[in-house]
């Protein structure tokens, strides 16, 4: 902490200049700076320079919005959106420093760079606001809600320009709808607007109120020649004044040609599916060449013109849908056939097994019966042999 550290503090002090503390109008920034002073600085800087550093930080933040260039004059006010963007960027950089846990000279360098960087960001946002957002109306009177950085107060800023927003030429065909549009791009953002009033302006400069309300559009259906002429739209404010005035010069054209309508020989697609055969009339006293196959002259055939040409993409989607449906039907049918075939094969196998069982039992019974008959015959043969032996013995005696 030698002379080099003192030079860093001097460089930080050179950036100071009293200005409008625009970014400090946000409560989140104020709370973050208090936490930064009471928590972070006590652990990362000596106590003897702690207060001086924090005083310079507060002055540097207060200088946000001071534009040094002569061609850029700062109004000293921003809208809520610009202030939110600047606040988010400042808090993000401040958190990055506290998370880095820097100390001593390196901490002072990083803090100095961050303050200069955030000051440039705020100035760029302020310039962008003044060029693109502040008073975007090219005509009329617009009221914007701005935050004035000197006192951190919200006030209405009046953008006064010419009330006359020009004349619009409108052409409409007879029996069509007439639409008068009185909405401008900045009307939604302006404050203190009330009602739209539409007037019919006559040749003697007198006016007749046609409609009044919150809607910026006037629609008149089935216009005729009597609707041609001059109209006027006036947007009122809560101060009983006018915000915008728009004039309209309406011309009613003849109705569109009948050839643009659907010709009588056009048939629909349903009628095209069932074509009608036209047979030419035969003059009296003259027979057709062939009653079975009459030949018609090409001019006698009706001209078939489709009403609407089919969209190729829609046609392709329809075909794909049909193919998918047919594929699903085939898949379901194949599954059903497979299940039925499996059941049929299972039934056949079951019947075959049932037939094999009685045959095996019958063969076993026949074998046992043959064994019993053999035993019976053997026993009878033994009996006959015994009887013949006894008989021979009796004869000998």
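Using the three backbone atoms N, Cα and C, a Cβ is placed for every residue, glycine included.
Per Swiss-Prot, the range carrying the annotation region 'Important for interaction with IZUMO1R' out of 135-147, 148-160, 161-173 is 148-160.
204 is the residue among 204, 351 that Swiss-Prot labels N-linked glycosylation site. Record note: among 227-248, 249-270, 271-292, 271-292 is the stretch given as region 'Disordered' by Swiss-Prot. Feature annotation (Swiss-Prot): of 320-340, 362-382, the stretch labelled transmembrane segment is 320-340. In the three-state DSSP assignment, the secondary structure recorded for residue 204 (N-linked glycosylation site) is coil. Residue environment of residue 204 (N-linked glycosylation site) contains 5 other Cβ atoms, counted within 10 Å of its Cβ in all protein chains.
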